[in-house]
């Protein structure tokens, strides 16, 4: 049996752009992708903290510092300045799942990584 677990998370990133006339996806600063362990073209779930919207798309790396840009139809699901959580998941067998820890990247208002952990605590942003 395989179990899907949180693999990587970029927490409370600010949407910097929303481009409706684009093929699709979410463009993310390549430094954030590297810090989180999310790969380019990897499927991600995005949760908009401001309006509760949840959607899936794939990532595109950009060299533009601090960029988190919703492309195509997903541009309708957030406004510039909205806070989002970007998550990827992976399947593990039961033994792997018992010891696996996700990579969680916390960012500031400029989408610069401020803290990287491998855990989350109930009731705490950090």
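Quick reminder: no glycine exception, Cβ is built from N, Cα and C everywhere.
Of the residues 57, 59, 62, Swiss-Prot puts just one in the substrate site with 72, 73, 74: 57. In this structure the C-alpha atoms belonging to residue 57 (substrate binding site) and residue 25 (active site, schiff-base intermediate with substrate) are separated by 5 Å. For residue 58 (active site, proton donor), the recorded positions whose C-alpha atoms fall inside a 10 Å radius of its own C-alpha are 25, out of 25, 72, 74.
Sequence-distant contacts (6 or more apart, same chain, Cβ under 8 Å) of residue 73 (substrate binding site) comprise 20, 24.
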